[in-house]
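What Swiss-Prot annotates here:
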type: SIGNAL; residues: 1-17; note: signal peptide
type: DISULFID; residues: Cys31-Cys64; note: disulfide bond
type: CARBOHYD; residues: Asn100; note: N-linked glycosylation site
type: CARBOHYD; residues: Asn110; note: N-linked glycosylation site
type: CARBOHYD; residues: Asn122; note: N-linked glycosylation site
type: CARBOHYD; residues: Asn178; note: N-linked glycosylation site
type: MOTIF; residues: 215-220; note: motif 'GXSYXG catalytic site motif'
type: DISULFID; residues: Cys216-Cys352; note: disulfide bond
type: ACT_SITE; residues: Ser217; note: active site, nucleophile
type: BINDING; residues: Lys221, Gln263, Glu271, Trp315; note: substrate binding site
type: DISULFID; residues: Cys248-Cys324; note: disulfide bond
type: CARBOHYD; residues: Asn285; note: N-linked glycosylation site
type: CARBOHYD; residues: Asn348; note: N-linked glycosylation site
type: ACT_SITE; residues: His351; note: active site, proton donor/acceptor
type: CARBOHYD; residues: Asn376; note: N-linked glycosylation site
type: CARBOHYD; residues: Asn387; note: N-linked glycosylation site
type: CARBOHYD; residues: Asn398; note: N-linked glycosylation site
Amino acid sequence: MAFRWLSFLLLALPVLALPQTSSKEAQSFGCSTPANIPFNDDKLPDPFLFNDGTPVRSLTDWSCRRQQLASLIQGYEAGTLPPKPPIVTSTFSQNGLTGNLTVTAGFPGNTTTFSSPVTFPNGTVPTEGWPLLIAYSGLSIPIPDGIAVLTYDNSAIGEQNDQTSRGVGQFFDVYGHNATASAMSAWVWGVSRIIDVLEVTPAAHVNTAKIAVTGCSRDGKGALMAGAFEERIALTIPQESGSGGDTCWRLSKFEQDSGDVVQQATEIVQENVWFSTNFDNFVFNISVLPYDHHSLAGLIAPRPMISYENTDFEWLSPLSGFGCMTAAHPIWEAMGVPDNHGFVQVGNHSHCEFPSDLNPTLFAFFDKFLLGKEANTTIFETNEVFNGTVWNPSQWINWTTPTLSH
C-alpha cells in the first residue's frame, strides 16, 4: 500500500511568519459576521482572509474569523443553529454499567424530551469522571478501555429519511417546522443540550472536558458538524462522511466532471434534508460559496480531529476527501498544533466497517486527547486510489499558511 505522508503533501503550502501587529485586534466595534457576502472563486477559499480581504495574523484574529466562517456556513448551507434555550433540565439513572440520561429542553409551554443510554467502563471512576464518546446512531468504531459511550438518537431530533423529513423531529417541535436549520444543525443542538446537562449532573461521573463525538456516513457528516459548532467537544472522529462531510464541494464537482461517479452538491440536496433549503440556490454555482468544507473542519482547530475515508466507494469522493483535508490541515498548522489533525484513507473494507489494522491510529487520538497518555498523532495518509483523477494542490490552493501570533 502506497502512503503519501503529510510532510510531502504540504510542500506547496509554505508557512510564513507574519507581523505581530493586527488591524483587526485594534478594531473596537467587534467582529462582523454576515450570513452571506459577494464571492466567486473556483479555487478553495483562503481561510486566513477576513470577509473584507484583510489577513488573519493572530489567534485573536482567528477567533473572529472562526465566527465569520460559522455564520457563512449557517447562512449558505446549514441553516440557523439557535442558542441554548431557557429551559434545559435532565434526569439521570444508572444500574450497574448502564445509565440513562433524559434531557428536556425548550421554552415555557413548549419543550421536548429525549433520552440517551450510556454504557460505562468497568473499574474505578477517575477523579474527574469518565471520558465520554457521543456516538451518532450507535458505535461503529472500536474504543480503548476507560471511555464511556452515549448512544445518540440524532434521527429523532432531526429526521433524515428523505426530503419528506424536512422540518420533522423533536428540534422542530420546539423551533417550528419552518425553522431554517438543517437536520444536521438540529443534531448539533441536541448534542449541545446533552453536554449542558452533563455539566451539572455529577452523578453521571462524566468528565465534560473530555467529550468526543463520532458517526459514520450520514452520521459522520453530523459528527463533523457537531465538532465544528460545539466548542466543548474535545475530539471529533468522522468516519466515511463523504460528500457534505470531510470532502469539499468544489473538489467533488471536479471529480464528477472528470468522469468519476461521486455525490456532489446538486445530488445531495435531492436525497435528504442534511442541508438547509437555502443551499439549493447555490449547488449549481459552487464557486460563489465564500468557504468550503476545509474551513468547516477548520472550525474545530485547535481542538483535535481525525477522519477516516474509504476508497473502495467511489461515491464517497476519495480525491475530494483527501484534498479537502489537505487544505484544512494548515489551519491546525498555523496554530502550532499540526498533530491535532489526522486523516486516514484506505480501502479493502465495507462501508462503515473499521479495519482492525487502523486501530493504532484511532487509539493514538483517544489516548492523547481523552485518556491523557503519550501518543504520536502525526497521522495523515492515503492509498492514493483516486480512480484516475489527479490531485494537484496548486490547482486548488493559491494561499500560504501564516504562523498565527498569540
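Glycine too: its Cβ is placed from the backbone N, Cα and C atoms.
When the neighbouring Cβ atoms lying within 10 Å are counted for each of the recorded positions (Asn122, Asn178, Ser217, Asn348), the highest count belongs to Ser217.
The list of residues near the motif 'GXSYXG catalytic site motif' (215-220) in space but at least 6 beyond its ends in sequence, with Cβ under 8 angstroms from a Cβ of it, reads 135-137, 140-141, 154, 160, 238-242, 245-246, 272, 274, 307, 351-352. In the three-state DSSP scheme, Cys64 (disulfide bond) is classed as helix. Long-range neighbours of Asn285 (N-linked glycosylation site) (same chain, six or more residues apart, CB within less than 8 Å of its CB): none. Checked against Asn398 (N-linked glycosylation site) by C-alpha proximity, the recorded positions Asn110, Trp315, Asn348, Cys352, Asn376 yield Trp315 as the nearest. Of the listed disulfide-bonded residues, namely Cys31, Cys64, Cys216, Cys248, Cys324, the sparsest CB environment within 10 A is found at Cys31. Close to the recorded substrate site, the chain also has Arg218, Gly242, Ser243, Gly244, Glu267, Ile268, Leu316: residues not among Lys221, Gln263, Glu271, Trp315 whose Cβ is within 8 Å of the site's Cβ mean position. Cβ environment of Glu271 (substrate binding site): Asp162, Gln163, Gln263 lie under 8 Å away, each six or more residues apart in the same chain. Once the Cα atoms of Lys221, Gln263, Glu271, Trp315, the listed binders of substrate, are compared pairwise, the greatest separation found is 14 Å.
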